Structure formats: C-alpha cells, structure tokens
Amino acid sequence: MDPFSVLLTLTLIILAQNAVRIVGKTQINQFIWDLYLKYSNDQQILKLRNLKAESYDVYKQRSNTSAQDKYAKWTKLNRKYDQLQAEIKTVSDQVSLQQQAIDKYLGLAITVTTTLPLWLFRFKYRKQPLFYFPKDTFPSYLEWILSFPSVPKGSIGIMFWVLLLNKFVSNLEFIVKTFSTKVEEPVPIVKVEDLSPN
C-alpha cells in the first residue's frame, strides 16, 4: 500500500474512533436499538407493541367511563388494565434482556472495528515512512523523535501521525465545546451610592 493510502486510511480510522468517543457508545447503541424496535419482526417486540396499544385503548375507555355511574364496566376495564400492565412488565423484562445482549455485541463490534484496524496498521506499516521532510528542516534530535520508533530519520511514521491526529481532534473538540456553550449575561454591579435614597 502506498504511503498516501496508508495516511488517508489511518486518518479515517482515527476520525471514526474519535467520533465514537465523542458521541458515546451508549448513544450509538440506543440509536441502533431504537431502529431495531421500530423495524423488527421479533415476536416479543411485536407482542409488546400490541400489548401497549391495547393497554392504551383500555386506559382511554376506563378514563371515559364514570366509576360512579357504570361501576361494573369501570371495574372490568380496571382489572383488564392491571392485567395488561402485568403482562407488559413481563414482556418488557424479556425484551430488556434481549437489549442487553444486543448492546454487549454492539459494543464489542464497535471496539473491534475502531481499534483492530489501527493495531494492524501499526504492526504492518510501522517501518514505512508516511512522508519526508526536506533535509535540515528540523534539528537532528527532533527528526529522531518524529521518526520514532522505526522509520528512517527525517520522516514521519505511523506512531507519530496517530499521536498528532488524536491531539488535533481532541483540541478541535475542545475549541468547539468552548465556543458552543452558552454564556450567561453578567449581572450588573450596583454601586452603594445608587442604593441610598436622596
């Protein structure tokens, strides 16, 4: 793989890794779980959806029925509503276990897809320089640091490129967060002379 392709691929991997870090795995898991709930044909989820719809209908009927005037009907609806709520709780617990399993596998998949390629690149291309500096651009000791651990002196390797890119992204994130937070208006200072009645 030529150095430019390695550089570009590494940049994309690190940007994806930092995007996952900034957004958060839990947010990504929740988004995927919401999509799964919306479009899934799983029997438990369909059953839960139907039970909630039926429970809502019974709740509306019960709310529209006077407990004093039609006590028998109201009691029957109340019992049915309580029964549906118990059934919803049971099915919700089963769906919750399913969500925990999916979250576990999603977290593992996110970690593997954002970490493993970076380690493979570090191993495979650790001796390949990504780009060179013109001769005598930096002092000798700085060229050695930039080429650390195993690329020729006067070039940038994968290790230092990853370090620089991570630092750049974290600084960019800091700047965006700093300027995007809303600052409250300052409270005006009142002088003591202004408070005295004259």
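Residue numbers in this text run from 1 along the chain shown.
For all residues, glycine too, the Cβ spot is worked out from N, Cα and C.
The average pLDDT computed for the topological domain 'Lumenal' (1-6) is 84. Annotated topological domain 'Lumenal' per TrEMBL: 1-6, in sequence order.
Residues or ranges marked as signal peptide in TrEMBL: 1-16.
The coiled coil annotation in TrEMBL covers 74-101.
Residues or ranges marked as transmembrane segment in TrEMBL: 105-123 (among others).
Taken from TrEMBL, the feature transmembrane segment covers 144-164 (among others).
The topological domain 'Cytoplasmic' annotation in TrEMBL covers 173-198.
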Residues of the parent chain within Cβ reach of the topological domain 'Lumenal' (1-6), under 8 Å, 6 or more residues beyond its termini:
121, 125, 128-131, 158
